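Lifted from Swiss-Prot, the feature list:
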BINDING   CYS33, CYS69, CYS103  [4Fe-4S] cluster 1 binding site
BINDING   CYS178, CYS182, CYS185  [4Fe-4S] cluster 2 binding site
DOMAIN    24-140  domain 'MTTase N-terminal'
DOMAIN    164-410  domain 'Radical SAM core'
DOMAIN    413-476  domain 'TRAM'
Amino acid sequence: MEKIIDEKKQGNSLVLEPKAKNTRKLFIESYGCAMNFSDSEIVASILSKEGFNTTQNLEEADLVLVNTCSIREKAEQTVRKRLEKYNAVKRINPGMKVGVLGCMAERLKDKFLEEEKIVDLVVGPDAYKDLPNLINEVEEGRDAINVILSKEETYGDISPVRLQSNGVSAFVSITRGCDNMCTFCVVPFTRGRERSRDPQSIVEEVNDLAAKGYKEITLLGQNVDSYLWYGGGLKKDFKNATEIQKATATNFAALLKLVAEAQPKMRIRFSTSNPQDMTLDVIEAMAAYRNICNYIHLPVQSGSDRILKKMNRLHTREEYFTLIDNIKKMIPNCGISHDLITGFPTETEEDHQDTLSLMEYVKYDFGYMFTYSERPGTTAERKLEDDIPEETKKRRLQEIVDLQQKHSKQNTNSVIGTTVEVLIEKESKKSNKHWSGRNERNTVTVFSKENYQIGDFVKVKIHDCTSATLIGEPIGLSDNN
């Protein structure tokens, strides 16, 4: 499971600057993880060259696309409700075409197209370059489908448009797919095997973003720490590479250094990490470069060795602690967040207490916490009974949330009286007299506007906080501007 985009952004229709020559309208919504939002930018770029401008008005759209997530049942239910809405509009505007992209496309292709007949086209995560052909098929009166998973596709040759961007922060995709086969997760089945993007194309995209005024990028993948470029191909086939390919391969630590050195004033973040794949050289790279942010999203899923084994997580509780110890030793001011699942099949109270004690050991800045949601097609769904009562799941989740809020408040309290560097991203939601941005540790920070602008790096003296937000006063521009 991976970090989910802020709930307030889920389902936002995305829009980019129109091209005068384009005559057709595209309405595109995204749900789920950051990778889906990044993929929607790739789709919009491809379709912009096919005559489509984006619109936020569903009723005027010629083509409606929803980029979908299968991580949790709730996400699929939300998309189904949106498909009902699209089809209600389509009854008024029969010329409108509706398509499903992403993880649900691969999993539910037959149901959507043949049984329920609620969409015109179904396109999997590796087939977006085929969209122009598929749209032509639909316009000629045929259903269209391509959910073939690729061994090579990384979209490294596509320059993504930046949909609804603040002009400050951008995602840069570096890997696709996942090889880890966690028993609860659909990603390996919907996004395929791991493959990495050419580092040169990544650096070129970062340089292009810097030239356009962007101040921060997030290197993105289902498992960024397993990034490995040896000339192309699947990660699992690296063992068959030539000696020269092995000797000249680029791993994630090396990629971090390349990007950090290419743009020394640009903030570098990355997500998501897998504990079993994060190596000391990644932590060393973070410590060595000021512009690599002191923040790691490090999903653990459970604090119980027994449950970790059933999840096919290839690390133990103690190995996770060792990694945490190394991070805190080498990067003392590093923010750490997590994903946790409670109520996994067979989870006992002792297992649950192990999770709480792990949280006490780490004291995360924040986390993404869920009750277990059985996903069709996963190993857990096929081999393990979902045997934990919902009320037990909810009670355990609340205990996890309560403990996380306690730790979050302790962490933000510890920053009071210090000065942090904040990149201004937007106006505060609660006051038009304040800016909102994030510090290096990824903590939201608000402060009075004064004469600063979006995109400025500002030194802020912290005087108050909530469990999720730092509150301070600006004391001047940082030397990173």
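Here, residue 1 is simply the first one shown, and the rest follow in order.
A Cβ is built for glycine as well, from the same backbone N, Cα and C atoms used for every other residue.
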List every residue in the same chain as CYS178 ([4Fe-4S] cluster 2 binding site), at least 6 positions away in sequence, whose Cβ is under 8 Å from its Cβ.
CYS185, VAL187, PRO188, ARG191, ARG193, GLU194, GLN222, ASN223
Note the mean pLDDT of the domain 'TRAM' (413-476), expressed as a whole number.
97
Ordered by sequence, the long-range same-chain Cβ contacts of CYS103 ([4Fe-4S] cluster 1 binding site) under 8 Å (at least 6 apart) are GLY32, ASN36, THR68, CYS69, SER70, ILE71, PRO125, VAL186, VAL187, THR190, ARG191
Kindly assign CYS33 ([4Fe-4S] cluster 1 binding site) to one of the three DSSP-derived states: helix, strand or coil.
strand
For the domain 'MTTase N-terminal' (24-140), residues assigned helix / strand / coil by DSSP
62 helix, 26 strand, 29 coil
Can you tell me how the residues of the domain 'TRAM' (413-476) break down into helix, strand and coil by DSSP?
1 helix, 36 strand, 27 coil
Reduced DSSP assignment, CYS178 ([4Fe-4S] cluster 2 binding site)
coil
Measuring Cα to Cα, how far is CYS33 ([4Fe-4S] cluster 1 binding site) from CYS182 ([4Fe-4S] cluster 2 binding site) in Å?
17
Give me the count of other Cβ atoms within 10 A of the Cβ belonging to CYS69 ([4Fe-4S] cluster 1 binding site).
26
